[in-house]
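Visitor: Encoded as structure tokens, here's the structure I'll be asking about.
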Amino acid sequence: MPLALVHARYQLLEIIRIPVAIFGSAFFPAATMLFFVVPFAGDDPTAATFATAAMITFAVMSANIFQYGIGVAEDRDQPWSSYSRTLPAGPGPRFAGRILAGLAITYFSMLPVVVIAAVATAARVTPAQFLLAAGGVAVISVPFTLLGLAIGYSLPSKAAIVVAQLIFFPLAFGGGLLFGPDNAPGFVDAIAPYVPTRGALELMWAAVTDWRLNPTSMVMLGVWIVVFAAVAGWAYRRDEGRRFT
Amino acid sequence: MILARADQVSRRYGEVLALDRVDLTVRAGELVGLLGPNGAGKSTLLNLLVGLRRPTAGRVELLGGDPRDPASRRQLGVTPQETGLPGTLRVGEVVDFVSAHFPDPVPRGELLARFGLSDQVRRQTGGLSGGQRRRLAVALAFVGRPRLVVLDEPTTGLDVEARRTLWEAVRGFHAEGGTVLLSSHYLEEVEALAQRVVVIGHGRVLADDSVAAIRGIVGVRRVSLVADDLPALPGVVATEHTEGRTHLLTTDADQLVRGLVTAGVAFRDLEVRPTSLEEAFLALTADDRPAPTPA
């Protein structure tokens, strides 16, 4: 078995043995759907579909930023993590394993959202759009996973919790996740294409509606992926576990 | 063949200089004991050698390369100092996880049997006793059939029997040609296992020699006497005063006594006793001054 899969398997094993962690990540997007999307946009098929895609993007972002940002920072406090750094494997398999495990958890936490959207709203997608959206979740997980890893590897766990929370809201707001495609305030429209969440959101919209991608958002999403990957890689290499002075 | 080397290595944590221009060479087939009190810099030195930390100055080399390069660690086995196994994973799973990193791992059953853990294979590590966890941690160092094993205080917190089981495993590995670098603050452990001892104190190498030679250097005698006032005397490593007596630890009791006599000091109740290795070792690490080096 490739090392990346080995790392993914053990990450998942550890998560699954404490099932509350999974229910936590599944609860948040489901509750958001129930309280904000169903009552306000549930009856309009177009609005409900856009809103569901936005909620999924929101959930992918929060699941990944928190899962990695805080999870990695906490792991780094554990002696086991410093032991595993003495094994003959570089950052590659470890990163890849974490990302695969995170993706599995992200998909799992999507299930309630999808069920609620299908049962309680007018949101509708074709089978092809559904598959496209499922693939889209994997694609848009990449930048948020890398951002989470960058936070987790560069900060101690208490600071990582605060930074993840501070980054989280402006990313959601600035990227237009909290608005429909036509009702965002002007300044949000102006900055959104340069915010990494926007490219992710547009990919999800494009997967399930006839939304046309904004080239600026896509280019910026690519730029952000490179930036987050560079920061995460740099932080991993300079990481020496806990630091005391 | 040099398996691990530190060359003028220093490591600073903020204001604290944990290692100060340390040299250490571990050759194939050696069993080297790193001896020193807590906080002496043993763990820092080991962490540098296995690639967990970067030296502030100087160079470290592991199996011919940079320890921070994963390829250099292929023939390295490490036991962490703290027992920090992932509590939710089962013993067998932890072994399998580590095995997956090596091309030719020791089969799980064989490894667990060697460390007396066969019955625990299905247990979660969080449910093991302290001694079992420690044994598992040490066993993990041997999974990948390493050439060099680095054990950081492998038997801390173990009872006598568990300690001897681990010693047997380490000796067996060494007898088959393996190289071991282990740190300990138990003199007994280093004496029982190591052929060569490196004494570290205050971030410096205080002595580096065979067990016998270290005994020689630290073949320190305790000269104890009752005297009011002592002049500066040759070869005194440490001085203590207890219950009206003065205790002088010295590397050369004969010379010290001659010095006492020629200085015309008024003394009585002279006693010369051999010290335990422990006392000598405490004397060596008691202050910043490096010990007399072997001739």
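Yeah, the Cβs are placed from backbone N, Cα and C, and that goes for glycine too.
These figures come from a predicted structure and were not determined experimentally.
When I checked TrEMBL for this same protein, it listed these features:
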type     : residues  : note
DOMAIN   : A:9-204   : domain 'ABC-2 type transporter transmembrane'
TRANSMEM : A:20-41   : transmembrane segment
TRANSMEM : A:47-66   : transmembrane segment
TRANSMEM : A:99-123  : transmembrane segment
TRANSMEM : A:129-152 : transmembrane segment
TRANSMEM : A:159-179 : transmembrane segment
TRANSMEM : A:218-236 : transmembrane segment
Visitor: Might you confirm whether the transmembrane segment (A:218-236) is in contact with the transmembrane segment (A:99-123), defined here as three or more C-beta pairs under 8 A between residues 6 or more apart in sequence?
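Guide: When sequence-distant Cβ pairs are counted, the transmembrane segment (A:218-236) does not touch the transmembrane segment (A:99-123), since fewer than 3 lie under 8 Å.
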Visitor: Give me the stretch from A:20-41, A:47-66, A:218-236 with the greatest number of Cβ pairs under 8 Å to the transmembrane segment (A:159-179).
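Guide: Maximum Cβ contact count belongs to A:47-66.
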Visitor: For the transmembrane segment (A:218-236), find every same-chain residue at least 6 residues outside the stretch whose CB is under 8 Å from a CB in it, and list them.
Guide: 91, 95, 142-143, 146-147, 149-150, 153-154, 193-196, 198-200, 202-203
